[in-house]
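Structure record follows, encoded as structure tokens.
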Amino acid sequence: MDTMGRHVIAELWGCDVDKLNDLSFIEQVFVDAALKAGAEVREVAFHKFAPQGISGVVIISESHLTIHSFPEHGYASIDVYTCGDRIDPNVASNYIAEALKATATEVVELPRGMGPIQLEKPKVKVL
């Protein structure tokens, strides 16, 4: 293994506003994303803000998945961090982007535990 983990940071734009503000939907999507990636779910905690927006985390044996949604902007900020090399965090990230109906994504993947971080240009995809 070359890294201690892989950390995907994704900006999701043009998301379905109603889905971004649906606590049950977001929670289920994140649990499903973790399972589809092959992760083992340990704990789930999500909070809906008034008047809108959701923040949450799915703790997995391999690390975590997080979201901060901004329905008023059709935007979600997500992180998927997996330790080791058994699970591809992009599987979960892509599943979440599709479920939220994102029309554009910007994704950066960071290798973790390798010393100074060297950022590559983000991968931008217009869907």
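Keep in mind that glycine also has a Cβ here, set from the backbone N, Cα and C atoms.
Feature annotation from Swiss-Prot assigns active site, schiff-base intermediate with substrate to S63; the stated evidence is sequence analysis. Annotation source Swiss-Prot lists pyruvic acid (Ser) at S63. Swiss-Prot lists H68 with the feature active site, proton acceptor. Annotation source Swiss-Prot lists active site, proton donor at C83, citing sequence analysis.
There are 19 other CB atoms within 10 A of the CB of the residue listed as 'active site, proton donor', with all protein chains counted.
Taking Cβ-Cβ distances under 8 Å and a sequence separation of 6 or more, the neighbours of H68 (active site, proton acceptor) in its chain are G53, I54, S55, A76, S77. Within the same chain, residues at least 6 positions away in sequence whose Cβ sits under 8 Å from that of S63 (active site, schiff-base intermediate with substrate) are G5, Y81, T82, C83.
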